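Per Swiss-Prot, the features are:
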type	residues	note
TOPO_DOM	1-25	topological domain 'Extracellular'
CARBOHYD	Asn2	N-linked glycosylation site
CARBOHYD	Asn3	N-linked glycosylation site
CARBOHYD	Asn8	N-linked glycosylation site
TRANSMEM	26-48	transmembrane segment
TOPO_DOM	49-62	topological domain 'Cytoplasmic'
TRANSMEM	63-83	transmembrane segment
TOPO_DOM	84-100	topological domain 'Extracellular'
DISULFID	Cys99-Cys179	disulfide bond
TRANSMEM	101-122	transmembrane segment
TOPO_DOM	123-142	topological domain 'Cytoplasmic'
TRANSMEM	143-165	transmembrane segment
TOPO_DOM	166-187	topological domain 'Extracellular'
TRANSMEM	188-212	transmembrane segment
TOPO_DOM	213-387	topological domain 'Cytoplasmic'
REGION	223-265	region 'Disordered'
COMPBIAS	228-238	compositional bias 'Polar residues'
COMPBIAS	246-256	compositional bias 'Polar residues'
REGION	279-315	region 'Disordered'
TRANSMEM	388-410	transmembrane segment
TOPO_DOM	411-418	topological domain 'Extracellular'
DISULFID	Cys413-Cys416	disulfide bond
TRANSMEM	419-442	transmembrane segment
MOTIF	436-440	motif 'Important for signaling'
TOPO_DOM	443-466	topological domain 'Cytoplasmic'
MOD_RES	Thr446	phosphothreonine
MOD_RES	Thr450	phosphothreonine
MOD_RES	Thr465	phosphothreonine
Amino acid sequence: MNNSTYINSSSENVIALESPYKTIEVVFIVLVAGSLSLVTIIGNILVMVSIKVNRHLQTVNNYFLFSLACADLIIGIFSMNLYTLYTVIGYWPLGPVVCDLWLALDYVVSNASVMNLLIISFDRYFCVTKPLTYPVKRTTKMAGMMIAAAWVLSFILWAPAILFWQFIVGGRTVPDKDCYIQFFSNPAVTFGTAIAAFYLPVIIMTVLYWQISRASKSRIKKGKKEAAQNQDPVSPSLVQGKIVKPNNNNIPTSSDGLEHNKVQNGKTTGESVMENCVQGEEKDSSNDSTSVSVVPSNTKEDEAAKDASQISASQDHLKVENSKLTCIRIVTKSQKGDCCAPTNTTVEIVGTNGDEKQNSVARKIVKMTKQPAKKKPPPSREKKVTRTILAILLAFIITWTPYNVMVLINSFCASCIPGTVWTIGYWLCYINSTINPACYALCNATFKKTFKHLLMCHYKNIGATR
């Protein structure tokens, strides 16, 4: 952000060491700016504490929001108040060292905010477009590395240039009572940084969200089509059913592993089964759903496998005769926190009364899996995340666009933008940090409820709030 383009355009003039505002105007500006700063600080602290105390908010996407809240908190504490001081008294009273430190902090934090938004957009894009491969790589460690990279890169890009430019060129040209970045005295540099720091990221984020929206709509249509197909009569020997399966478990589940359970006489036993089953047809389903395939296996092979695998501490070899083994492979697209990932479960059914018993058990499973599909599921966590991302992207674009439009105009016409308009435009960039926590609360009921519990000091069971 170019926080002193207007001041830079008039830096050659004599600086009046008195406030350009009347006393009543100064009081009004201080009250409004101070209130915005306070709301920004409280709001972003609430975001950070909510993610810390509520385990349902401890997802990869919310860790990115935590990083964004850190940047917004710094803006609320330092940037807003120092810029208010600079505005109301009409000059910079704290000296060149504090000036450069403030500018470095302001630009590093602002750039980190933009990079966090880019990370969030790319993360959601890969979640939606690569649901089978990306969630495996999407770990807390990876998220931490991406967040660290965003902050380190922002620091490298801005801090050294702001702090040491005067030594590189052989002297400081910024007046003592002014505060702006020295290398922004060149309009071409100002124009280029505006393109790189705002317009290019906005274009990338807009394209990504458009792709996310398209992919989400395509998956919804696919899910509806599969749901309609699952209403057809079902044969117990080949079943493909669908259930709505809300999954709030944030612990990553291996997509390669198979859970083996034995169902004997319609009841599940705790024995480990080592035999191999004939793999049935698998059918991918939409988000938060399960595909079920039931395929009867070879009786002779199954009996041989049973003899080799049934081990019990309390029983000798248990021989099951005149029975057939059916393998049901359930392919579930469960959510790893806020991103879909497929998991497999193999259930083995051993019927003691031949085909009739086996078919009865299979029909029960089919009935169990198809019943929840009749109910309208609540909004999935994926939809909440996508909605939150849309809100913060819109807030970012709306609040940052006016200032960056003025930057482009100022590159060609230094006297075309009034000082008051510059100040308002720059303050809008700061207000984005105030709006972000409200976006989280409005788009995510869990954030909203946790905020409420924290503000009302209701700490009991706050960690399990949904």
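Cβ atoms here come from the backbone N, Cα and C positions, even for glycine.
Here Cys413 (disulfide bond) is compared against the recorded positions Cys99, Cys179, Thr446, Thr450, and the shortest C-alpha distance is to Cys179. Cys416 (disulfide bond) has Cys179 as its nearest neighbour among the recorded positions Cys99, Cys179, Thr446, Thr450, Thr465, going by CA to CA distance. Counting Cβ atoms from all protein chains shown, Cys416 (disulfide bond) has 11 others lying within 10 Å of its own Cβ. Each residue contributes its Cα atom, and for Cys179 (disulfide bond) and Thr450 (phosphothreonine) those atoms are 41 Å apart.
Sequence-distant contacts of the motif 'Important for signaling' (436-440) (same chain, at least 6 residues past either end, Cβ-Cβ under 8 Å): 43-44, 46-47, 65, 68-69, 72, 388, 391-392, 395, 447, 451. For the topological domain 'Extracellular' (166-187), residue counts in helix, strand and coil come to 9 helix, 0 strand, 13 coil, using DSSP. With a cut-off of 8 Å on Cβ pairs spaced 6 or more residues apart, the transmembrane segment (188-212) and the transmembrane segment (101-122) reach 3 or more such pairs and are scored as touching.
On a Cα basis, Thr450 (phosphothreonine) lies 7 Å away from Thr465 (phosphothreonine). When the Cα atoms are compared, Thr450 (phosphothreonine) and Cys99 (disulfide bond) turn out to be 38 Å apart.
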